[in-house]
Amino acid sequence: MTGYSNTYHVWGVAIDANLESEEEGQAAGAFITFTIIGALLVIGLSLKSYWITVISGIGLGILMIWLKGISALIGLKSGLVIDLLVPIGMISLGVDFVVHAMHRYREEIRVGYLPRMALRVGLSGVIGALLLAMASDSIAFLSNLSSDIEAVIHFGSAAAIAVLSSFIILGLVAPIISMRVDELISLSGERFTGKFMVALKICGSLGAACASAGSVILMLAVSKIYGVVMLGATAFLFVVIPIAYLYILVRRNSTSVEQSPYQEKHRSDSVSRVTSAIESVVVTAASNSSIVLAGAVLFTLLSSFFAFRLEPTFDVKDFFDSESDFVTGLDKLSEHLGEKGGEPGVAYIRGDLMDPSAVLAISQFIEGLREVENVAESPSGEITIGLNVVNTARIIIDSPEALKSIERETGVMVQDRNKDGIPDSKDQMKAAFTYALSFG
């Protein structure tokens, strides 16, 4: 600071990490919102179903309620990890479960089964894989319970809750609801085709995806009550009202046509082309197994080589925005102090601190820290240390006015005959610190 500048930039050093975490967590809420919207749109595009998209969106909202409720029930502390990191994993796992279950169900529908039988056959074929995925993921997350770090334990517990909830709601309940809706559509006698209905389904899917994402982020970042209310309104608008309309159509269509349990197998050309392409890749890989295995081994060895060269680091930039004031302040500290900056530490000493010999031993301990390479020093070579019994005693000894005031108030003359900066007796130490505590 030369005195000629009109403005100055001031950065705090490691000031209020909790506030920085909260602010960045709120900023990350927008990314979670777009993640949910993107995931639901992927479901809608891959399965081409308004109902599956809407049911999945409502299911994701219910998952967040389960996560928050069960976490509170078992005593998990709310924080950045549970509120933001675990929900992201829950979204991906939930979408994975619902896509696998619904794809299998839709395959059986295309084969010709009625919805109820298609669900029974489809789920029986995929339930084993879903159970194994749920169990393996849960075990992997629960392994964090062996840690001594509370945040890691809470993360593992919350993630396991998320996996189980995703399996139940999106892997089991969502296909059942979708099956029941398909039955109602079949009984209504309507096909809901045409350009207008297609446009209505697309707009409805987009609206449901945005509303579901909004309700989730309200629950996580703003207010649980507002989030639940918005989720209920979303369910009423995009699920309850259309289902009520289907029930009206079913009642009007009193002479429904009995359907055969098997219908003509139908697969769209686009699905057939994609399936054929995947099948050709798998068959080609299986017929050249030696090449595939050799490539896998070579890639594994190469990855292992780079894995051993990876240095374990704990950089604050991995957890906070590299452009934030919090990180900028730490960068400025490293720039100007470098390796001399060090990290804060605490030495706890128990004993009679009014004993001059004990205070002298503490002074020698502090001086001995200079010989330790990992202890930071100031540019002048001094150990940076806060106010303590040693430097407080020396401040008193170096102040003639303080010595006179102590003698006047306590009747004890404080002296330092051996010139070590410490009062010569316990009585002098007690008088000095009693005065310091009373008058500063």
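Heads up, the Cβ atoms here are built off N, Cα and C, so glycines get one too.
Straight from TrEMBL, the features:
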| type | residues | note |
| --- | --- | --- |
| TRANSMEM | 27-47 | transmembrane segment |
| TRANSMEM | 54-74 | transmembrane segment |
| TRANSMEM | 80-99 | transmembrane segment |
| TRANSMEM | 119-141 | transmembrane segment |
| TRANSMEM | 153-177 | transmembrane segment |
| TRANSMEM | 198-222 | transmembrane segment |
| TRANSMEM | 228-250 | transmembrane segment |
| TRANSMEM | 291-310 | transmembrane segment |
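Proximity of distant same-chain residues to the transmembrane segment (198-222), defined by a Cβ-Cβ separation under 8 Å and at least 6 residues beyond the stretch ends, is recorded for 25-26, 29-30, 32-34, 36-37, 40-41, 44, 50, 53-54, 57-58, 60-61, 64-65, 68, 83-84, 87, 192, 228, 230-231, 233-234, 237-238. Counting Cβ pairs closer than 8 Å and at least 6 residues apart in sequence, the transmembrane segment (54-74) and the transmembrane segment (119-141) reach fewer than three and form no contact. Contact between the transmembrane segment (80-99) and the transmembrane segment (228-250) does not hold: fewer than three of their C-beta pairs are under 8 Å, each pair 6 or more apart in sequence. Remote same-chain residues near the transmembrane segment (228-250) are listed as 54-55, 57-58, 61-62, 65, 181, 184-185, 187-190, 204, 207-208, 211-212, 214-216, 218-219, 256 (criterion: CB distance under 8 Å, separation of at least six residues from the stretch ends).
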